[in-house]
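Asks: Here it is, the structure in full.
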Amino acid sequence: MSTNTMDNNSTHTSTREPSGQPERSEKPEGVPTATKDELDVSIKDIESQRTPEKFVDSNAGDGTNVFEQYVTGVRLYLCFMACFISMFLIGLDQTIVVTLLQTIGSNFDAYDDIGWVSSGYMLTMAVLSQTWGRLSIIFGRKYSMLTAIILFEAGSLMCGVAPTMNVLIGGRVLAGIGGGGIQTLLFVVMSELVPIHKRALLFACFIGLMSAASVAGPLIGGAFTENISWRWAFYINLPCGGAAFLALFLFYNPPKPKFTWKQKLGMVDYVGSLLLSGGLTMGLLAMSMGGTTYPWNSPAIICLFIVGGITLIGFGIWNFKYSKFPIIPSVIIREKYVIIPVISLFFTFFCFFGLTVYLSTYFEIIHGASPMSAGIRFLPLIISMILTSFITGVLIKKTHFVKPFALAGGFIAPIGMGTCTLLSPSSSNAENIGLLILPGLMIGLMMQSSMMSVQVNAPKDPGSMILSTAMVNFSRSLGGAVGGILAQTVFNTSLRKKATSVFTKNPTIFEGFTKSDIMEMASNPSLMRELLTNEAREKMLDVVMSSIRNVFYMSIGSAIIIFCCSVLYSKKKIPNKSEVMTRAEYEAKQKATENQSTHNNNNQDL
């Protein structure tokens with residue numbers, strides 16, 4: 001670009017000759033040497049330097065632009081309604097099983113596998129979340145979402161009719177594939193419906209709704225378990241999912257991707273999806289079965305770790321070096337202010353899912369609560385999440401700051417997880433309520449601030465906003481899966497070790513029982529209450545409580561990482577309305593760019 005200069009002794013403007021231009025004849029003094037086109041370009045140059053570049057999201061990369069996705073008026077509210085139903089569906093299903101686990105374990109006599117009822121769902125949600133983001137660019141957000149709902153409904157039906165624990169876990173895996181698509185695409189759709197300055201409050205409403213559904217989940221699950229059957233906790237997804245499907249089909253009509261079917265099928269990264277999902281699955285299976293089903297040094301566990309690790313390395317090489325349409329573009333990985341919130345959210349949900357699974361065990365085994373009562377005792381955690389997330393969204397919208405809320409969440413994280421270790425068999429209801437508030441505050445703060453930080457710092461390359469948003473859900477789901485599985489591993493390993501020690505040191509009070517009897521009772525609270533004396537029961541409850549506490553100790557380490565990440569968040573603010581580019585400004589900029597390109601080409605021809 002040329003730059004105008006003003007001579008001290010002259011009021012006339014001169015410009016540097018563009019390269020490749022023919023020499024101009026000398027002009028008389030007092031006559032400008034620049035052409036009109038060059039002056040116009042130079043003036044625009046100066047104005048662009050004085051006026052900061054306005055914020056605009058990256059285009060989807062499907063032949064449409066970001067402004068074609070925005071919706072206003074009645075249609076916007078109808079789209080919100082469809083998303084609200086879908087969000088409630090996912091929020092409900094993430095926690096409805098929490099108060100069912102002990103009942104399901106007893107029903108199928110498979111206590112060692114109850115962690116997979118949650119983790120199997122979270123695992124498949126995680127491993128395919130990023131793939132769903134890419135598929136939505138290729139096939140469109142609407143039909144990708146509808147496909148995800150169908151898969152979720154099929155998995156829920158399979159869970160409801162399951163005759164064995166293996167079939168139930170299989171149903172949860174299928175539901176997780178669909179649930180991962182729903183959760184990922186909901187945030188993508190919401191991000192496309194409105195400009196960024198409106199999203200903080202919108203995300204607050206949706207996260208609040210998801211949290212409200214999470215509140216209802218344990219209560220509804222407990223009520224079904226006590227009054228009808230635990231199977232209805234899965235059947236309830238069928239009418240909710242049907243309503244969500246119908247609402248999205250009727251009211252959500254975004255512009256279609258401008259690809260032929262042949263192009264669409266060629267843009268799917270089959271190799272990358274297979275390597276990523278395969279590697280993660282093998283790694284998580286090794287963590288789940290190590291120390292319980294198989295010893296840590298067994299060939300099966302070692303092979304899973306080695307092959308899984310090699311597969312993930314292969315995914316990295318393929319994704320960043322060879323894939324034409326990578327699931328995780330390198331431009332996103334290079335943006336540290338996207339990766340830092342993604343890492344913090346991984347460890348936030350690592351803490352959350354380990355906490356929720358074994359809080360259920362704490363309430364039902366240690367305090368003898370019914371499933372319904374256990375669900376009610378989760379309210380301090382869930383309500384504090386709802387209120388904090390909503391208030392954070394409102395404050396971000398008003399102040400445009402993100403980092404202070406991330407710092408607050410990071411500061412609370414280790415304190416909140418540390419307070420959970422104070423829970424004990426003698427804890428009163430007031431103590432149980434008070435000690436669960438801080439973890440809820442931390443989760444609410446981190447959920448909101450992480451999502452907004454990623455959105456404002458996402459690269460401007462086509463598709464980057466969608467894939468960055470998908471990565472947020474990928475990290476959240478993966479963190480939940482890893483947290484749930486490692487919590488199960490820590491609990492089961494600790495329980496077996498401590499139960500064996502107690503049995504060996506107290507042969508008198510366990511007279512008449514074998515070591516295998518004690519191990520079975522340690523996993524089955526109903527047997528413990530029915531068969532053991534008061535003294536023996538107290539000993540076993542101490543063993544269970546100590547094992548639960550080890551899960552909470554593990555979460556403290558994750559909370560410290562959350563704090564470290566929060567310090568490194570970007571200081572970039574959410575733009576206000578005047579700082580966000582309008583459609584007219586965007587089109588004018590595109591036209592100016594095209595005109596400038598044409599002008600340069602003409603000059604080169606000369």
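Note that the numbers count up from 1, one per residue, in the order the chain is shown.
Including glycine, each Cβ sits where the backbone N, Cα and C put it.
Taken from TrEMBL, the feature region 'Disordered' covers 1-42. Residues annotated as compositional bias 'Polar residues' in TrEMBL: 1-18. TrEMBL lists 23-42 with the feature compositional bias 'Basic and acidic residues'. Look at TrEMBL and you will find 76-102, 114-133, 145-163, 169-189, 201-220, 232-253, 299-318, 338-358, 378-396, 405-427, 433-454, 551-569 (among others) tagged as transmembrane segment. Per TrEMBL, domain 'Major facilitator superfamily (MFS) profile' is recorded for 79-574.
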Asks: Over the domain 'Major facilitator superfamily (MFS) profile' (79-574), what does the predicted model average in pLDDT?
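Replies: Its mean pLDDT is 85.
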Asks: For the transmembrane segment (76-102), name the stretch out of 169-189, 378-396, 405-427, 551-569 with the most CB-CB pairs under 8 Å.
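Replies: Between the candidates 169-189, 378-396, 405-427, 551-569, the best contact partner of the transmembrane segment (76-102) is 169-189.
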Asks: Any chance the transmembrane segment (169-189) and the transmembrane segment (114-133) have 3 or more Cβ pairs under 8 A, given the pairs are 6 or more apart in sequence?
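Replies: Yes, the stretches contact each other.
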Asks: Any contact between the transmembrane segment (405-427) and the transmembrane segment (338-358)? By contact I mean 3+ C-beta pairs closer than 8 Å, pairs at least 6 apart along the chain.
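Replies: Judged by the Cβ rule, the two regions touch, with the required three close pairs present.
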Asks: I'm a bit unsure how to read this: which one of 145-163, 299-318, 378-396, 433-454 has the highest number of Cβ pairs shorter than 8 Å with the transmembrane segment (338-358)?
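Replies: When the Cβ pairs under 8 Å are tallied, 433-454 comes out ahead.
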